[in-house]
Amino acid sequence: MPKKLYIKTHGCQMNEYDSEKMAKILKHEENFELTSSEHEADLIILNTCSIREKAQERVFHQIGRWRKIKDKKPNLKIAIGGCVASQEGDKIMKRAPEVDIVFGPQSLHRLPELYKKEQKVKKAQIDISFPKLEKFSHMPAPDKGEPSSFVSIMEGCNKYCSFCVVPMTRGHEVSRTVEDIVEEVKILSEKGTAEIHYLGQNVNNFKGTYKGEISSLAQLIELTGKIDGIERIRFTTSHPHEFKDDLVEAYANVPELVSHVHLPIQSGSDRILKLMRRRYDTDKYLKLIEKIKKIRPDMSFSSDFIVGFPGETEEDFQATMDIVEKVKFDASYSFIYSQRPNTPASQMEDDVSEEVKKNRLDLLQDRLNQIAFGYSRKLVGTTQNCLVMGLSKKDPGQLQARTICDRVVNFQADGYDLIGQLVNIQINEALPNSLRGVLNN
Ligand code: SAH
Ligand code: F3S
């Protein structure tokens, strides 16, 4: 009988991706099957994120809740992975004796080994090392292709933006080889994937080799566009500083590359951007957008924003609101600045009050939502090429698709044959978080 695995994931897309890989490797090597009930589990994994929240306390609270399950079921194993584990691994081992395994984002492929060892020696195991790229070579080949599949092309980040813990928790940038990535995409495409979403913290600095020479994201995208069955290509996250000309050119040369990009600006104030160590100013950012729009006038841009960075004045915040008006960003993410341990910004006084931070976040989010909803309303009456992802979450009698700008569209269909295909949908209603339409093939 398969053993049961329960995984709880905090945080980003990258963590979702890593959790999927954990499930896969444990299924492959230890015959674990996912369960949605923590009470049924033989192994519980918490994949943690330390980018923003008061992450550490959240982890100890969660462990406390699982302790009660373990009291009744002593054979239950608890494993803590992800960025909090990477930064606080030793502390977790000391403070939470019920934890059996601690592993970092770069050592998740060693989970089966750590699990076996813990059972054999009956002693908690920890591995939070950064073995270069070993993680990728240990992954079993994809066994199914979702209509849209994430493929990680690099790990870590060297940018050291002053507010960010990622370089500390995920280590330095290492890229996979182009051959390795293309091979994975070919397998996914044969199994039904139509859209590839390349993932990494800083994908435009991708430096994997191709035929022994250093390649680029642009070259990887061009090669991907040629793979049979791949109809759409996306990538996140790209840093405005390294969005090189060959990548801009890819919008002219690769029709599969979608006319939508997530390009985090963080702030509209040049003074704050400098303190954030982002390495671009608003002028450079706006010029980049112009360059891309020259090639693709219909291009849409989304962003991440941080409000309340140390020293952010009303004037700085207004500059952020102004850039939102200039670019008219599509659906974006915005966050309240939170001081992260060991980051350069943690040396600066976190001097914007919680109240001011919250007010600024509300103002920014209201405006971002208004603009995004405006784009949704503009789509009403048009026909959009959409990729059918699966069943609608709200109404299983309907299917769910995604537009090029990544909006969810629910529509009526007979059966499930269209899942994984690109279809034309006439949009006839815009709701705050989705669209409704009818097939128009
Ligand atoms: N690699 C990506 C970002 C990774 S973190 C990039 O280049 O932008 C995702 C987002 O979390 C960031 O874009 C930023 O907006 C937000 N973030 C990161 N650290 C933060 C902090 N200390 N406080 C608030 N938001 C933060
Ligand atoms: Fe973080 Fe900046 Fe890298 S936001 S992930 S240090 S590009």
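Note: Cβ is positioned from N, Cα and C throughout, glycine not excepted.
Just so you know, TrEMBL annotations are computer predictions that nobody has curated.
The domain 'MTTase N-terminal' feature in TrEMBL is assigned to 3-120.
In this structure, Cys49 ([4Fe-4S] cluster 1 binding site) belongs to neither helix nor strand by DSSP; it is coil. Neighbours of Cys49 ([4Fe-4S] cluster 1 binding site), defined as other CB atoms within 10 A of its CB across all chains, total 21. Annotation source TrEMBL lists [4Fe-4S] cluster 1 binding site at Cys12, Cys49, Cys83.
Averaged across the domain 'Radical SAM core' (143-376), pLDDT in this predicted model comes to 96. Per TrEMBL, the feature domain 'Radical SAM core' maps to 143-376.
Under the three-state DSSP scheme, Cys157 ([4Fe-4S] cluster 2 binding site) falls in the coil class. The feature [4Fe-4S] cluster 2 binding site is assigned by TrEMBL to Cys157, Cys161, Cys164.
Under the heading domain 'TRAM', TrEMBL lists 377-441.
Highest local Cβ density among the binding-site residues Cys12, Cys83, Cys164 belongs to Cys83, counted as other Cβ atoms within 10 Å over all protein chains shown.
Candidate binding-site residues: Cys83, Cys161, Cys164. Those with a Cβ under 6 Å from ligand 1, in sequence order, are Cys164. Proximity of the binding-site residues Cys12, Cys49, Cys83, Cys161 to ligand 2, judged by a Cβ distance under 6 angstroms to any of its atoms, singles out Cys161 in sequence order. With respect to their backbone Cα atoms, Cys49 ([4Fe-4S] cluster 1 binding site) and Cys161 ([4Fe-4S] cluster 2 binding site) stand 17 Å from each other.
Residue pair Cys157 ([4Fe-4S] cluster 2 binding site) / Cys83 ([4Fe-4S] cluster 1 binding site) shows a Cα separation of 13 Å.
For the pair Cys83 ([4Fe-4S] cluster 1 binding site) and Cys164 ([4Fe-4S] cluster 2 binding site), the C-alpha distance works out to 12 angstrom.
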